[in-house]
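Q: The following feature annotations were taken from TrEMBL:
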- 1-27: signal peptide (SIGNAL)
- 36-119: domain 'Inhibitor I9' (DOMAIN)
- Asp153: active site, charge relay system (ACT_SITE)
- 224-250: region 'Disordered' (REGION)
- 224-234: compositional bias 'Polar residues' (COMPBIAS)
- His244: active site, charge relay system (ACT_SITE)
- 275-578: domain 'Peptidase S8/S53' (DOMAIN)
- Ser541: active site, charge relay system (ACT_SITE)
- 657-752: domain 'Subtilisin-like protease fibronectin type-III' (DOMAIN)
Amino acid sequence: MASNPLLPSQLLPLAISFISLLISSTAFKYDPARPYVVYMGSSSSEVRDNAEAAELSHLRMLNSLSSSRQGNQLKTSLIHHYYHTFRGFSTMLTQDEASLLSGHDNVVSVFPDPILHLHTTRSWDFLGMGFSDRTRSGYLLNPSNDVIIGIIDTGKSIQIITSHVILFSPAGRIWPESPSLSDEGVGEIPSRWKGICMEGPDFSKSVCNRKLIGARYYITEPTSNGNTTHSTRLGDSPRDSVGHGTHTASIAGGAPVANASYYGLARGTTRGGSPSTRISSYKACTEDGCSGAFHAEQMGVLVVCSGGNDGPDPYTIVNSAPWIFTVAASTIDREFRSTVILGNGREFEGSAISFSNLTSSETYPLVFGEKAAGNFTPAYEARNCYPGSLDTRKVSGKIVVCIDTDPTLSRRMKKFVVEDAEAKGIILIDENQKGIPFDSGVFPFAQADHVVGLEILKYMNSIKSPTATILPTSEISNFRPAPVVAYFSSRGPGGLTENILKPDVMAPGVAILAAVVPNTEPGNVPYGKKPSGYSIKSGTSMACPHVAGAAAILMSVHSGWTSSMVKSALMTTATLDNNMGNLLTNSSELFANPHEMGSGEISPYKALHPGLVFETGTEDYLNFLCYQGYSEKNIRSMSRMSFNCPKDPVDELISSINYPSISISKLDKNGPIKIVKRTVRNVGSRNSIYTASIQSPTGLGVKVNPDRIVFGWSTKRVSYTVYFYGKEAPSGYSFGYLTWSDGRHHVRTVFSVNVV
């Protein structure tokens, strides 16, 4: 019986092993030929050891197509062969050819191969992993350098770790000359490493070292002459040209570099979370985005992905399969702000990274965008500083005040519009309290929140000739409260199912200093300065490598732990408090919930000693596929395991896979009690007793049985059951947590329950 012709786009992470964090869904286009992945299930050592035979079988499969294209055309349409983590190949196919191949006996599915859009210094200290913190633990004084972090994309973010490999997806190209990739003090490369340092334009294999042990690029489609193996294009090289891959790599595992800064901002010693780890870079994306994680997990690889930058709306989370470690972004206790001085002497601070050449000794005329509208320009467009909306004669030599109410128009575009109109600077009033600093380079810029913006407009309306100046950005340390859920960070629920709680955790992703390619666009380089090898960036792509780096630390200390144990430790020890001792909040100053922050902000030091861990195994993931509606035939082909689905599989049973958090998509007030089972493994003291405590909102009933679990010399694992009932609960989502404690360890399981 033929399998489904196309794998659902929402399950794309299942079928690919090198994914980036942000998946951009696009409507299917009926092009004559476009890239497809022919997915043939899980790989094996037999396939990996006989790659030539596998490639020949792929060509024969293509030749079997009844197509108007000749055999040579089909041969040159092959893009890539897969036989390491899963079997299959990518190739250029028409829609009809894809449909025909999907019916082949050896094919599980055929689906479009889109490019997936991707998505330091103080941050590691903020997470409690500064140098002084590391010396508290003998574990961290001599960490293993046998952990490998694999980075995938072009820029944007996936990170992977196995027991000794971590894969994260934010960016895959690399700038090998960066001081953050120095191999000084790093031991010899592990003998088990089988990767390569692939050469390309302006990239010799000699640039790899004991830190950067591998680099590779993947061409996403044939060139115009059909040649997919050789090219002289810079894009066909592991070398980073935009800085994203280098930035994220240095966050996760960069070497210490003293006196690093972005033109004086954030000056200090920059380093990755796990400086002793190795890095291998995979360029699998282009400028347009990024071209499966399930099989990687089967092989013991921890896959860490960003949850997306489409917040703050709910149901925007991506990379939400249970075998993926999904990361949200948060702020740290450092901010970058420019001071706005009004003509009346009042001063306000606005979020910015600006190397303004204006001073406090001279002010400039202020004009509201709406008042400087060009002929026949709608007021709304001029207020938002749309392209072509401003009259140059009305803004030249002035500071323009714009409103930021249109999310489709970027701050960069507004800056270009105002700069092109010969203005002196721009003050952007942020209606949504985003608080994310924008790098405007040398052009004076400040982003004011709603309250400050009203004060500025009030001043402008109170005087005939308002004036102001914008000072260069300064750094504010020990800022409170922090962390705060980043405005842009994608939210749950949703993704593949509401019965898995996503995101899993959050980590620093706002204004992070790290290494980049020193070829910054001219407008961003201060006068008299050379391009910087470091930059300050924001995004869940910056949060993702923080989790990858933290996971690398855990793997270097606990070499026998599985990827799911590392994930569990980071989730159950995550903090729910900010640096003021209060509950975490979002950018709107409301208490954050698990759909925004997952289990909380990671606490790497605590995760070294979690006490108990949840082991989520391959059987859990295969059951998940059953509950999602996949056939046993397809699941066996994907996993290459003899597997039978549980009886009567339904979506609501997903809540009972052994995950470190709990999510229930539907709890009927007048329906039966929901029962969820979990099993924990003791990784702490052998003789220990844990007692349960429950924090739940009023009206939601939650009980656990037993409420006391005992571990002895022969008892390593204990199971328990959690009961949920909502007769008195308000409709909608309720959140809480169950904590197991032995007095020293506090193992928290966050839960999310939708009462209907």
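Using N, Cα and C of the backbone, Cβ positions are placed for all residues, glycine too.
TrEMBL annotations: computationally assigned, not manually curated.
Owing to the predicted nature of the structure, the values given are computational and were not obtained by experimental measurement.
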Q: Taking the Cα atoms as reference points, how far is Ser541 (active site, charge relay system) from His244 (active site, charge relay system) in Å?
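A: The separation of the Cα atoms works out to 9 Å.
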Q: Of His244, Ser541, which of the active-site residues has the most Cβ neighbours inside 10 Å?
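A: Sorting the candidates by Cβ neighbours within 10 Å, the top entry is Ser541.
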Q: For Ser541 (active site, charge relay system), what is the secondary structure state per DSSP, taken as helix, strand or coil?
A: helix
Q: Please list the DSSP helix, strand and coil residue counts for the domain 'Subtilisin-like protease fibronectin type-III' (657-752).
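A: Reading the DSSP string over the domain 'Subtilisin-like protease fibronectin type-III' (657-752) gives 0 helix, 58 strand, 38 coil.
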Q: For the domain 'Peptidase S8/S53' (275-578), provide the mean pLDDT of the predicted model.
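A: Per the prediction, mean pLDDT sits at 90 for the domain 'Peptidase S8/S53' (275-578).
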